[in-house]
Amino acid sequence: MNTIFKQKNTHPFSNAANRLDRLPISRVHFQVLTALGIVYFFDLADLFTLSNVAPALIEHWGIPLSTIANVTAASFLGMFLGASLGGRLSDRIGRKKALNLFVFVFSIASLCNAAAWDIPSLMTFRFLTGFGVAAAMVITNSYLAEFFPSSVRGKYISFCAMIGLIGVPITNIVSAFVIPLGSWGWRLVFVWGAVGLIYFFFIHRLEESPRWHENRGEYAKADAILTRIEEQVEKEKGPLPAASQPKVSETVKQNAGYAGLLKGRNLKITIVLSAVWIFETFGFYGFASWVPSLLKSNGVTMENTLWYNVLHSVGAPLGALLGSMISERFQRKWILAASAFLTAIAGLLYGMTFIPIMIIVFGFIVNITERVFTSNLYAYTSEPYPTEYRSSGSGLAYGLGRFSNIFGSLLVGFIAVQLGYISVFLFIGGCWLACSLLLIFFGPNTNAKQI
């Protein structure tokens, strides 16, 4: 089934996009979802370990909210560097090799968090965890965007996010049980984050991205991978339809760098996506990272805070499931704009009550609408860029969002201490409203476009 084409410029061409696009969803695709779903699961779980542990650190180490802000800032500095450098590295050495490296980094770093003996050591380990987590997330989304057919790309990226978001309530439940065990209980939460190493039992299911090989001019390698995939799909689904002919305008671009993200059409995409990720990060982590500490600082017991967090987070996988179901039914920019607006409203209402049932209800709604947003944003961020810029571009946008939260964490801490509890939620709501407006006026349409 070798189908290496010749273009008018005499370069051979493996036609990866068209060959992948005409494949029916099969066992091969679900094997990819399983392996990358594990990455998503522990990647997202690790993002929430610190917010769960923070009230225990305040109680057992006697530290103020401002110190938690510093630890959080270190995490986001690591995320910025991980997303920016990890995406670039995967463009150079391949999606699979880079993903293996960074899953190992964030899993081992999470285990090291459990051994932290003071704030500087915890900040160091959180920096390394953030570095690995963000790099792995960017690479996972690039791989999914390049592997799944364009007609269902967003649906399955959102579905993978749903698998990952199941890790959020499970992590919160683990935290609620182990943290109260004693002054050492919080350390077990970080041990849980290291279980992501089980990914390495599934890496044999992953091929290198054939589109990455093709973009480097390694047509024979791309064709060999595509042929193996096609043979597996044919055994399960029967004969495949012929792939469309490659476009003669497609050429090899192996040495794309960051400078190309600031030129032509890429410049607008980079500005819009970076701004959306910055406001999303302020809004998302302003809520997720700070709510447990804010509730405890306003008189809610640590046990109640942990269980409120569990009940809130049940909405996370439900939101991602809903996001997956509607991802291809509407343009993603409008799904994103609407869900950001609803998150702004629910977040504001959350900050206006201390009635337990209302805290649970509004927190649950925030988790649903925010996860509809996030699960579609991961797909949306990977789509507008051409292959040679995909990981670098999405990594830069994602990374700038994480970098901004170095200051966002300090800003939320300042607002909480100086302006009060409700002011934090006014800030969070404003960030989500800014996301909505940016997407309405400047977001590109991306659904079902071949990338």
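Every residue, even glycine, has its Cβ placed from backbone N, Cα and C.
Confidence across the topological domain 'Cytoplasmic' (1-29), taken as the mean pLDDT and rounded to a whole number, stands at 69. Residues or ranges marked as topological domain 'Cytoplasmic' by Swiss-Prot on the basis of sequence analysis: 1-29 (among others).
Annotated topological domain 'Extracellular' per Swiss-Prot: 51-60 (among others), in sequence order, evidence recorded as sequence analysis. Sequence-distant contacts of the topological domain 'Extracellular' (51-60) (same chain, six or more residues past either end, CB-CB distance under 8 Å): 68, 171-172, 175, 179, 183, 185-186, 189-190, 288-293, 296-297, 302, 305-306, 309.
Swiss-Prot lists 82-97 (among others) with the feature topological domain 'Cytoplasmic', giving sequence analysis as the kind of evidence. Counted with DSSP, the topological domain 'Cytoplasmic' (82-97) comes out as 15 helix, 0 strand, 1 coil.
Proximity of distant same-chain residues to the topological domain 'Extracellular' (119-124), defined by a Cβ-Cβ separation under 8 Å and at least 6 residues beyond the stretch ends, is recorded for 61, 63, 67, 70-71, 74, 113. According to Swiss-Prot, the topological domain 'Extracellular' annotation covers 119-124 (among others), on the basis of sequence analysis.
Per Swiss-Prot, the feature topological domain 'Cytoplasmic' maps to 146-157 (among others).
What Swiss-Prot records for 179-182 (among others) is topological domain 'Extracellular'. Taken residue by residue, the topological domain 'Extracellular' (179-182) breaks down under DSSP into 3 helix, 0 strand, 1 coil.
As annotated by Swiss-Prot, topological domain 'Cytoplasmic' applies to 204-270 (among others). Helix, strand and coil counts under DSSP for the topological domain 'Cytoplasmic' (204-270) come to 39 helix, 0 strand, 28 coil.
Sequence annotations record features per position, and here Swiss-Prot assigns topological domain 'Extracellular' to 292-305 (among others) based on sequence analysis. Listed as Cβ neighbours of the topological domain 'Extracellular' (292-305) (distance under 8 Å, sequence separation of 6 or more from its ends, same chain) are residues 51-52, 54-56, 58-59, 65, 68, 176, 179-180, 354, 356, 359, 416, 421, 424.
Under the heading topological domain 'Cytoplasmic', Swiss-Prot lists 327-333 (among others). Residues of the topological domain 'Cytoplasmic' (327-333) grouped by DSSP class, helix first, strand second and coil last, total 2 helix, 0 strand, 5 coil.
Nonlocal intrachain contacts for the topological domain 'Cytoplasmic' (379-396), taken as residues 6+ away from its ends with a CB within less than 8 angstroms of a stretch CB, comprise 83-88, 90-91, 95, 135, 138-139, 141-142, 144-146, 153-154, 157-158, 211-212, 214-215, 253-254, 256-258, 260-261, 266, 269-270, 273-274, 277, 327, 332-333, 336, 443-444, 446, 449, 451. If you look up Swiss-Prot, you'll see 379-396 (among others) marked as topological domain 'Cytoplasmic', on the strength of sequence analysis.
The annotation topological domain 'Extracellular' is assigned in Swiss-Prot to 418-421 (among others) on the grounds of sequence analysis. Per DSSP, the secondary structure of the topological domain 'Extracellular' (418-421) breaks down as 2 helix, 0 strand, 2 coil.
Under the heading topological domain 'Cytoplasmic', Swiss-Prot lists 443-451 (among others).
Taken from Swiss-Prot, the feature transmembrane segment applies to 30-50 (among others), supported by sequence analysis.
Only residues 6 or more beyond the boundaries of the transmembrane segment (61-81), in the same chain, are considered here, and those with a CB under 8 A from a CB of the stretch are 50, 54, 119, 122-124, 126-134, 281, 285, 289, 293, 297, 399-400, 402-410, 412-413, 416-417. Positions annotated as transmembrane segment by Swiss-Prot: 61-81 (among others).
Sequence annotations record features per position, and here Swiss-Prot assigns transmembrane segment to 98-118 (among others).
Summarising the annotation, Swiss-Prot assigns transmembrane segment to 125-145 (among others) and lists sequence analysis as the type of evidence.
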Annotated stretches the transmembrane segment (125-145) and the transmembrane segment (30-50) touching (3 or more Cβ pairs under 8 Å): yes
Cβ contacts under 8 Å made by the topological domain 'Extracellular' (418-421) with residues that lie 6+ beyond its boundaries: 294, 298, 351
Contacting positions for the transmembrane segment (98-118) when only residues 6+ beyond its ends and CB under 8 Å are counted: 39, 42-43, 46, 49, 82, 86, 89-90, 125-126, 128-129, 131-133, 135-136, 139-140, 143, 187-191, 193-197, 199-200, 203, 206
Within-chain partners of the transmembrane segment (397-417) [C-beta distance under 8 Å, separation at least 6 from its ends]: 65-66, 68-70, 72-73, 76-77, 79-84, 87, 130, 134, 137-138, 270, 273-274, 276-278, 280-282, 285-286, 289-290, 294, 297, 381, 423-424, 427
Paired segments the transmembrane segment (158-178) and the transmembrane segment (30-50) in contact, 3+ CB pairs under 8 A: yes
Contact set, same chain, for the transmembrane segment (358-378): CB under 8 Å, 6 or more residues outside the stretch: 137, 141, 154, 157-158, 161-162, 165, 276-277, 280, 283-284, 287, 291, 295, 308-309, 311-320, 322-324, 326-327, 332, 335-336, 339-340, 342-343, 346-347, 349-350, 435
Among 30-50, 271-291, 306-326, 334-354, 422-442, stretch most in contact with the transmembrane segment (183-203) (C-beta, under 8 angstroms): 30-50
